[in-house]
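So the structure is just underneath, and the comments pick up after that.
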Amino acid sequence: MKRIAVLTSGGDAPGMNAAIRAVVRKAISEGMEVYGINQGYYGMVTGDIFPLDANSVGDTINRGGTFLRSARYPEFAELEGQLKGIEQLKKHGIEGVVVIGGDGSYHGAMRLTEHGFPAVGLPGTIDNDIVGTDYTIGFDTAVATAVENLDRLRDTSASHNRTFVVEVMGRNAGDIALWSGIAAGADQIIVPEEEFNIDEVVSNVRAGYAAGKHHQIIVLAEGVMSGDEFAKTMKAAGDDSDLRVTNLGHLLRGGSPTARDRVLASRMGAYAVQLLKEGRGGLAVGVHNEEMVESPILGLAEEGALFSLTDEGKIVVNNPHKADLRLAALNRDLANQSSK
């Protein structure tokens, strides 16, 4: 394979630029040419495809977002869009493509694979909800950003004896809420993967103030309900604290990526190039126990799939993604309502 392309699709995530940089420079080191596709699958279909060189990705590793830009393009789910995209790739002499994005992006890569066009997926999403990998590109930065802002909210909540409900992104996954909540010393963490009792939530808040707490923070994953709705539910259940709601929202997607995200993205990007060089498409790159692994993208893009690693190093797809609820149990132990 002598010429490949790279695109970013779906929601942006810190570290995408680092992944693009790794794809470009690793490919060049292997004697391959690299093209960039602007605005994901939309740019593929419309032919917004252009050559990249080492200078094209200079000074990008520290930048958030994606300089290739991103777009959601549901038309690519249709056969006509897929065939137009492949036609444009072949028109530019491209033999394989690296797709950086979330599960929707993986579905697009799966369609390319079904049509016999080699595609390799990289997990780029802050939600950490992609199967086939322990961590996704952007997750670590999103957690760090959430923790920074939770720390700031702790300052103001302590000054006014307030309870804060802080909504964080994650779609149907509670990973950001769990990791940031524990790191910020949240009093309660509410995630989609675990049922909660609103009366118990309110009771915990009351017990905390009765024990001498001056403020409380509840971290809420957006997949449960909105922060405003959760606050209304608390009030309906009898909460009488001075309650405020903050939604961190898209703030978690921005900013310079952490060192961990930069390294992870660099490793994954280089690994993807190696797979394409070997003529191996139809795969998604992941990290498992700090080692690079690849999984069949046809399995990972299916609803409710999850990988497990066998003793032979093979990937088995079987169960849906689940946040590590051991973290939820840990937070209940650490957020003792009798302590400040």
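Quick reminder: no glycine exception, Cβ is built from N, Cα and C everywhere.
Listed by Swiss-Prot as binding ADP are Arg21, Ala22, Val23, Val24, Arg25, Gly185, Ala186, Asp187, Lys213, His214, His215; the candidate from Arg152, Arg154, Arg244 that the record includes in that site is Arg154. Per Swiss-Prot, the candidate among Glu148, Glu193, Glu222, Glu229 that belongs to the substrate site alongside Thr125, Ile126, Asp127, Arg162, Met169, Gly170, Arg171, Arg244, His250, Leu251, Leu252, Arg253 is Glu222.
Checking the candidates Gly11, Gly174, Gly181, Gly208 against Swiss-Prot: the one annotated together with Arg72, Tyr73, Gly102, Asp103, Gly104, Ser105 at the ATP site is Gly11. Of all the binding-site residues given, namely Arg72, Gly102, Met169, those whose Cα is no farther than the 10 Å limit from the Cα of Asp127 (active site, proton acceptor) are Gly102, Met169. Of all the binding-site residues given, namely Arg21, Arg72, the one with the smallest number of surrounding CB atoms inside 10 A is Arg72. Per-site Cβ counts within 10 Å over the binding-site residues Val23, Met169, Leu251 peak at Val23. The maximal spread of the substrate binding site, taken as the longest Cα to Cα distance among Thr125, Ile126, Asp127, Arg162, Met169, Gly170, Arg171, Glu222, Arg244, His250, Leu251, Leu252, Arg253, is 32 Å. Residues within less than 8 Å, Cβ to Cβ, of Gly11 (ATP binding site) and separated from it by at least 6 positions along the same chain comprise Ser70, Gly101, Gly102, Thr125, Ile126, Arg253.
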